Structure formats: structure tokens, C-alpha cells
């Protein structure tokens, strides 16, 4: 069975985009892959504005959300990134074989560097962790020698660098790493902001009215969906070019009902946007209410911490063996 790995940062609240773009897919994939899911707490340090307020609680809630969504701890290994000390060790090894040019070419680094603030000495405050983020991500993947990595389009370039680094290591020190393949779901891989369908729905959005959080109440969900940007065509049709707002709402609808875009179009061909939005709001609200109840169960269950400890032990054993092999091939061991 091939191995799949992915992580999510424990910052603020998870969104419906996080669920539909990642968590839901993990649930579907765990029957076909050996799945490793981690809370990427080390990546949370990247912006250099780390807020540790209730951080341990937030991390725990991420695991509870995975379980509530249907992740089976017997099939999937759930752990905290910071508990696996082999990861930062491998990250340093990979960093030493990565050029500055490779890191500065990363699109995310370029985009976020533009927003950097000027300091008193006229230099820009660009955290070094932002530059080295891709090598830590590569270590996350290669520490477990994963075959498959589900990533959004915004992370695809980082995975390509991971493959490059793995191949470079193999050629220099001998066959050690697999070259991980990208997995991008056809539907729901990227849920967009309700108010601006040109940007991804994000928990760090400046306007939270365009973001549905997993802990939103029914009233808030209805307000956000009713206020979602559409167009003046008043026709429920999937067209990313002419109707990006409606297409985004249809993607959410399709992911939660398993209906195709064509089936949704036929269902609402005689209906206006008001009816469509009301139905979608009910679907989202009903789904999140059930999910919230399951999350609450896990947060209050002593089984949660026992499960995390057991999964962490398993992850550490695998990571240690893999990185020890790396050290051996480099003759550092």
C-alpha cells in the first residue's frame, strides 16, 4: 500500500475550505493509502509573528476535527509535527543541498516578500523561515518517504522542489528517497472566498464574511451564504469564467451532496439564486452542526490523548528508521 502524507497548520479556526479541500479527501483516501496526517505546528512559526495563546488547545482541536470528520486512527497515523525530532534534522540536511536561487524562485516566497515591512535601517523584515519553508515541507514528506502528497495548486511548486531534492540526494548518496507524486482532487481542491471568488477561502482573510468556519452557527452560515457574490444572470450554471461566484457555491454544494455540476444545474434550472443559496445554506448548516457535535465528543474524550500518544510513537519509529538510513548513506553514522 502506498504511503500518503499531509499536514495542516493550527492557526485560528479551520474553514469549510480546509474540510472540502483537504480533510474530506483524507477520509476518502485512507482506505487506499497508508495515511499520515500531522498538525504542522513548526510551520506556524514561519511568519515570525507566532502567537502561542491556547496553542496546545488549538493543536488538540485539529486532531479532534480529523476524527470527527471520519478519519480512522486504525488506518491513519495522526501526530504533531514538533513531536518528530527527525523532521528538523532532515530539514537541515536538505537545506544544505538547496541553493538560495531555488528558494527565492518559489512563488509563495515572492508573493509574501512583497508584503514585507520596511525596517529602520531600510531593510525588509522577511523571516528566514519563509525562505526555508519549502525545505521543512520537503523534510515532512521525505522523513516518511511518502509516495503521494495531496496539495493545492499553491503548494505544487514546493512539491516539485521536494522531488528535486530527493533526486539530488539519491544521485549523490545512493537510492534513499522515493520521488513523491502530487495528488490534486478534481472537485473541491480549492474553495474560494464567498465575497471574492478570485482568492482562496482562508482562515486569515481580512473580511471574515467571505469565510465559513467549521464552528460557525446556523444563523451566521445563512448570512454568509446569502451575502455571497454571484452575478446578474440569475442562472445556476457552472462557468468559472462568466460565473465564478456561482461556480464556487456549486462546488461546495457538489462536495457536500455528491451531486455533479450538471445534476445541480438541472435541479435549479427553474429556480433563482435565492432558492439555490437557501438550500445550500441548509446543507452546510446541517453538515456543520453534526460535525461540531462529533468534535465536542472527541475533545471531551480521554481516548483522544491516548490515541495521539500511540500515533506519535508509531510515527517516531518510522521517521527515526528512515532518517538513520539517510545518515548512514551520508556516512554521518
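Just so you know, the numbers here start at 1 and follow the chain as drawn.
Using the three backbone atoms N, Cα and C, a Cβ is placed for every residue, glycine included.
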Candidate ranges 10-18, 19-27 [criterion: Swiss-Prot lists as motif ''HIGH' region']: 10-18
Among ranges 195-199, 200-204, 205-209, whichever one Swiss-Prot labels motif ''KMSKS' region': 200-204
Non-local residues, at least 6 beyond the ends, that sit with Cβ under 8 Å of the motif ''KMSKS' region' (200-204): 11-18, 152, 154, 190-194, 210-213
Entry from the binding-site residues list 18, 153 having the most other CB atoms no farther than 10 A: 18
Alpha-carbon spacing, residue 9 (ATP binding site) to residue 140 (L-tryptophan binding site), which is rounded to whole Å: 13
Counts of helix, strand and coil residues, the motif ''KMSKS' region' (200-204), according to DSSP: 0 helix, 1 strand, 4 coil
